[in-house]
Amino acid sequence: MASLRALTAVFLGAFGAATVATGYTTYTATSGAIVRLVDERVEAVSRVLLSEARPGDAATILQGIDAFARRRDSGDIGFELRDARGRRLGGNVIVGRALPIGTFDLREGDGIAGLTAGRALVRDAGGGLRLVTIAETEPIDGLDAARLRIYLIGFGAMVLIVMVGTGAFGLLVRRRIAEVRATAEAIIDGDMARRVPVDPRGGVFAAQAVAFNRMLDRIAALLESVRNVSSDIAHDLRTPLARLHARLTRLAGQASSAEIADELDEALAQCDELMAMFAAILRIAEVEGERRRAAFAAVDLSAIVTEVAEAMVPIATEGDRRLIVEGGGEVPLRGDGQLLSQAAFNLVENALNHTPPGTTVWIGAARAGTRAILSVRDDGPGIAPADRAAALRRFGRLDASRHQPGHGLGLPLIDAVARLHRGTLTLADGAPGLIATLDLPAS
Amino acid sequence: MDLLLVEDDADYADTLRSELTALDHRVVVAPTGPAALVEVERDRFDAVILDRMLPHLDGASVVRRLRDNGHRLPVLMLSALGQSDQKIDGLESGADDYVVKPTPAAELDARIKALVRARAWTDDGAETLRAGDITISPGQFRAWRDGRPLDLAKLEFKLLTELARHAGSFLTRAMLLERVWGYDFEPATNIVDAQVRMLRRKLTADGADDPIVTKRGIGYMLRG
């Protein structure tokens, strides 16, 4: 079935149709039964009346009618006797027209005084005489309204109970599904600690929630061990690197010639680069570990932007590029000031490192509704749309930048910082140049 | 200087001891917290280098015991991981500085010297600082060289103040990043070097000699 709603609609439709069919069948069956009972009585009464007279003996039949009419239980039965030419000979009712032999429905239009609904039986009484026996069904017809009411109340209550039940059931299912969906979305947003609430009274939904939560525990454990592997490797490699660095530093201090000193400086710079790469791996692991979220505090994105710009202006100036701060005014949000500084720093660093001299770089913080936006744009060559995804990948360096310093972990780190703050990092065409935007929830 | 190194990893302690000895320090190694507390009572040290992760009695508790026993000597805490909450925890326990292992011995050397010197002066934040012919008034946010006012940007002023506070000692890039920029990360771009170059240009604008000494692979020092 396509959906829960369609399934419910089909179920309610089928239930309604079955209810209506049952009601209709019961109604017609009881109506038929009443008509049959009246017909049987009319038949019996007229048979008895005729059996007391010889065929064709109109006078005896009329006496029988009189005698019958005087009886206390005969008020609902009427008779009329007509001769072969259709003339009325007598009886206690007047039927407006001559009827052929047979059984008929009577309505108000038949002009019988005091009768609105009834049955008539016309019998041959011998010698061309016709005896019309009629009985009212009116008092019984009055029951129809009551019967209808009973049907409506009875079946209506059933329909109502089923609809309310179906609605409540649907609501329950929908709420459980909403809980699972909310959890899944929180996980996607990076809140790996989120779990589906489990109903303590048990049941299938509780069992499903427990299974779902166990799956999440397993995923979290796997993620944690993957994270630990990368940070353990990075950490263990730092010790020998630190020793190498110390030795190179000592050698550089004792270099016997300027050439050797330069070579050692180059080696030290490469060593620093490696240390920076491991620091970035460890930093990403720290950010993805989410412990820093506990230390979130009120920060002003504008102040962070201004500080980062101040720190980077000397670098920009030395590299013959311009760094301009845009906007102003407080942009408050809850976050980690250090990480946001580092993210802003890396964005400006990227813009300065991957553009030619003469480029202008703008950095700004702004509030847009409920969002705090940090953007860094430049009027440099930009990144082709096809390459932007690669730029966000870990160690994903673009061919054009391979000869430049850097380790390809800058953007993934910014991306991790954005996710920690439940925000996003996007790279877009600045026409010209590139716009990198950190879109974060404002406070 | 006389240093007490509290480290349970024997290999790492050995390496660090030989490196620090090469930098003219006398180093005593204690493998546990209780052993460290005994050493401090028995001998006089200029500073303690303390691993945060120790068996039985962790580094933070060792610092608390030291402070409770009335020892004010500088403590530099070492940690395997640079998680910010651990760092805050370490400093709150009474440690004076906190660095992430593995730290080059030269970095430790610079930090310990800065700590020991910092013990020598009282800092009310507003007193006038002097280093050679440089005078700084942190309260007024102004600085002079040889009586001539210096026109410094905010970061240049903070950098000069920090160097002057530790005049005669080397400050490493990591130390300056923490103290001047307030960053707990080390950017790939060398903003410290760039800022020092800017400051140097302003200090030597009228042909005066360069008061900032650079030591390759270590950092910077303002002549005292």
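Glycine residues also receive a Cβ, built from the backbone N, Cα and C atoms like all the rest.
Per TrEMBL, DNA-binding region is recorded for B:126-224. The domain 'Response regulatory' feature in TrEMBL is assigned to B:2-116. For B:126-224, the entry in TrEMBL reads domain 'OmpR/PhoB-type'. According to TrEMBL, the 4-aspartylphosphate annotation covers B:Asp51.
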Same-chain residues at least 6 positions away from B:Asp51 (4-aspartylphosphate) with a Cβ under 8 Å from its Cβ, in sequence order, are B:Val6, B:Glu7, B:Asp8, B:Asp9, B:Gly59, B:Met77, B:Leu78, B:Ser79, B:Lys101
Averaged over the whole of the DNA-binding region (B:126-224), what is the pLDDT? 89
Quick check: in three-state DSSP terms, what is B:Asp51 (4-aspartylphosphate)? strand
Could you give the number of helix, strand and coil residues in the DNA-binding region (B:126-224) as assigned by DSSP? 34 helix, 24 strand, 41 coil
Structural state census, the domain 'Response regulatory' (B:2-116) (DSSP three-state): 54 helix, 24 strand, 37 coil
